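Novice: Pasting the feature list from TrEMBL:
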- ARG13: site 'Transition state stabilizer' (SITE)
- LYS20: site 'Transition state stabilizer' (SITE)
- ARG150: site 'Positions MEP for the nucleophilic attack' (SITE)
- LYS206: site 'Positions MEP for the nucleophilic attack' (SITE)
Amino acid sequence: MHFLIPAAGSGSRMKAGKNKLLIDLEGESLIYWTLKSVFSASSINWVGIIGQPKDKELLLNSAKEFADIVHWINGGETRQQSVFNGLKELPKDAEKVLIHDGARCLINPELIDQCAKQLDENTAVILATKVTDTIKIVDNEGFIKETPDRNYLWAAQTPQGFLVDRLKKAHSMAIDKNWNVTDDASLFEMLDWKVKIIEGTYSNIKITSPLDLKIAKLFVKKP
Ligand code: C5P
């Protein structure tokens, strides 16, 4: 199974002044913790990191243990472009791929394997959790327009897994049609292609703000 890690964001919401994946969490960088989990998953045998060229040395140096076994791919201006670059760099024989945000450094290796296994029976899968808050759709003036039924609401996470041919096709069509999305499953939805939900864990947070880092400290597994 092939695995791509988009890691080319600017991390502006974290206000760290550097790629947030370089931030320290219990003595190691966030990208180190992500890679540690990925390489602990038994289903994964090829890993690519998609990052900005200026961050290459810093990111690889901050996770030295894995620097020689990961494949480096230059990222794009948006997450969508970064993933597209990653897809182009997969080995020719790659049939299935999991895409996982570098900022979800608490991912459990068993959940990675579960996503990989579910791809035997599905063309697309994503990890997600049931939403516990009541969600409001709000207009531009800040007034509530609608309250969707919570029973049908799930919060999307990564990994998101796909048959490579299908995902490449979806990305190419998105370029043609000028679709801009924040995750890969959205492209499948726009094309009316089925995506299977796999129930994940609430601890698989995407580190976005300083508060997330405090939460991550509670969950990170030191050797
Ligand atoms: O911006 P957001 O937090 O949704 O980004 C999710 C992931 O996509 C992050 O791991 C980030 O590094 C990555 N990303 C990327 N290329 C970009 C923007 C974001 O690989 N141009």
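Here the Cβ of each residue, glycine as well, is placed from N, Cα and C on the backbone.
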Novice: Cα within 10 Å of LYS20 (site 'Transition state stabilizer'): which of the recorded sites ARG13, ARG150, LYS206 qualify?
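Specialist: Correct set: ARG13.
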Novice: Could you state the whole-number distance in Å separating the C-alpha atoms of ARG150 (site 'Positions MEP for the nucleophilic attack') and LYS206 (site 'Positions MEP for the nucleophilic attack')?
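Specialist: Each residue's Cα considered, ARG150 (site 'Positions MEP for the nucleophilic attack') and LYS206 (site 'Positions MEP for the nucleophilic attack') end up 22 Å apart.
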Novice: Does anything in the same chain, at least 6 positions from ARG13 (site 'Transition state stabilizer'), have a Cβ under 8 Å from its Cβ, and if so what?
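Specialist: Same-chain residues close to ARG13 (site 'Transition state stabilizer') (Cβ under 8 Å, separated by 6 or more) are THR208, SER209.
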Novice: Given the recorded sites LYS20, ARG150, LYS206, which one has the fewest other C-beta atoms within 10 angstroms of its C-beta?
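Specialist: Least crowded of the recorded sites LYS20, ARG150, LYS206, by Cβ count within 10 Å, is ARG150.
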